Amino acid sequence: MAGSHPYFNLPDFAQPSPPSTPPSLPSLQCCQPSDATKGLLVALLGGGLTAGFVGPFSRMAYQTSHLPSLELLICRCLFHLPIALLLKLRGDPLLGPPDARGRACLHALLNVLSIGCAYSAVQMVPAGNAATVHKGSSTICSALLALCLESQGLSGYDWCGLLGSILGLIIIVGPGLGTLQEGTTGLYTAMGYVLAFLGGLALSLGLLVYRSLNFSSCLLTVAFLFGLVGLVGSVPGLFLLQTPVLPSDPLSWSCVGAVGTLTLVSFACVSYAVTKAHPALVCAVLHSEVVVALILQYYVLYETVAPSDIMGAAVVLGSIAIITAKNLSCEREAQVEE
């Protein structure tokens with residue numbers, strides 16, 4: 001037969017050759033950002049960068065119309081109340097499930113105290129310094145509380161980035177603390193730093209309480225409760241402790257609207273991020289707020305930025321880079337078929 005001749009034992013090019021199967025590469029895995037990385041990126045872009053505008057805008061509102069801190073807090077709470085419509089459309093209770101209602105209200109109360117202290121501190125000390133102490137204290141307290149209450153440890157790279165960011169904050173605020181004046185002015189400035197520290201402590205406690213909540217409409221519920229609790233506590237305090245002011249210039253109203261919108265975005269992003277990553281790492285990434293506040297403090301408010309502020313901001317950015325780079329890991333997708 002012709003097929004048996006050696007010259008005819010050639011490959012049949014007319015027939016399509018079967019597709020070649022590539023060799024299996026077990027080392028080649030489909031990579032995607034881990035949950036911790038997603039949380040940190042959300043905290044950085046949606047939480048820290050947006051919150052950096054809040055302090056300067058709050059100070060601008062105070063400088064133009066002497067808007068009290070509690071009145072600014074009330075305006076911010078008003079932006080949270082329309083979330084009740086979303087909860088109603090979803091058919092969820094406004095105050096959350098009965099078993100988690102107490103913790104949800106406690107989370108809202110701690111956030112109101114944190115924001116109230118931060119707004120008051122901004123009016124007493126420069127916006128960048130107030131944000132520095134606020135974020136630094138929240139980072140330290142979050143690390144200690146998570147370690148003591150949740151037994152959640154950190155890796156060596158995380159501790160390196162965490163301590164580096166705290167060092168950057170000390171570089172920024174240290175010279176200002178060392179030159180406090182004696183008398184009423186110095187006491188007024190020291191009170192601003194104390195309020196900023198207490199605000200950071202309340203923020204760290206609120207983040208831990210939020211991590212213990214676990215129901216479907218958790219984020220919407222705590223956002224609405226923040227507005228409700230803030231109004232209930234701020235309205236009486238405004239008339240008892242401060243004097244209400246009705247802004248008359250467009251700049252003040254613009255600042256109030258910007259503060260309400262940006263803080264709502266930051267609130268949602270931070271609440272999401274803390275469920276994905278360690279609270280201390282989330283707070284450390286939020287130190288980017290300090291860098292943004294210092295930039296706006298110099299270019300918008302025309303306030304002096306010392307060389308130590310620039311050096312500390314560089315250290316903070318380097319520490320954030322360490323934390324982010326360490327957490328930019330890849331999750332291997334299981335491809336084993338049973």
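Numbers here mean position along the shown chain, with the first residue as 1.
Including glycine, each Cβ sits where the backbone N, Cα and C put it.
Database features (TrEMBL):
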DOMAIN    40-173  domain 'EamA'
DOMAIN    191-324  domain 'EamA'
TRANSMEM  39-57  transmembrane segment
TRANSMEM  156-178  transmembrane segment
TRANSMEM  190-210  transmembrane segment
TRANSMEM  217-239  transmembrane segment
TRANSMEM  251-274  transmembrane segment
TRANSMEM  281-300  transmembrane segment
TRANSMEM  306-325  transmembrane segment
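The transmembrane segment (251-274) shares the most Cβ pairs under 8 Å with 39-57, out of the stretches 39-57, 156-178, 281-300. Beyond the transmembrane segment (156-178), the same-chain residues lying 6 or more positions past its ends with a Cβ under 8 Å from any Cβ of the stretch are 125-126, 128-129, 132-133, 135-136, 139-140, 143, 193, 278, 280-281, 284, 287, 290, 294, 306, 308-309, 311-316, 318-320, 322-323, 326.
Below 8 angstroms of C-beta separation, residues 33, 118, 122, 127-128, 130-131, 255, 258-259, 262-263, 265-266, 268-270, 272-277, 281-282, 285-293, 295-297, 300-301, 320, 323-324, 327 of the same chain, each at least six residues beyond the ends of the transmembrane segment (39-57), sit close to that stretch. Looking just at the domain 'EamA' (40-173), the mean pLDDT is 83. Residue counts for the domain 'EamA' (191-324) by DSSP state, with H, G and I taken as helix and E and B as strand, are 106 helix, 0 strand, 28 coil. DSSP places the residues of the domain 'EamA' (40-173) in helix, strand and coil in these numbers: 110 helix, 0 strand, 24 coil.
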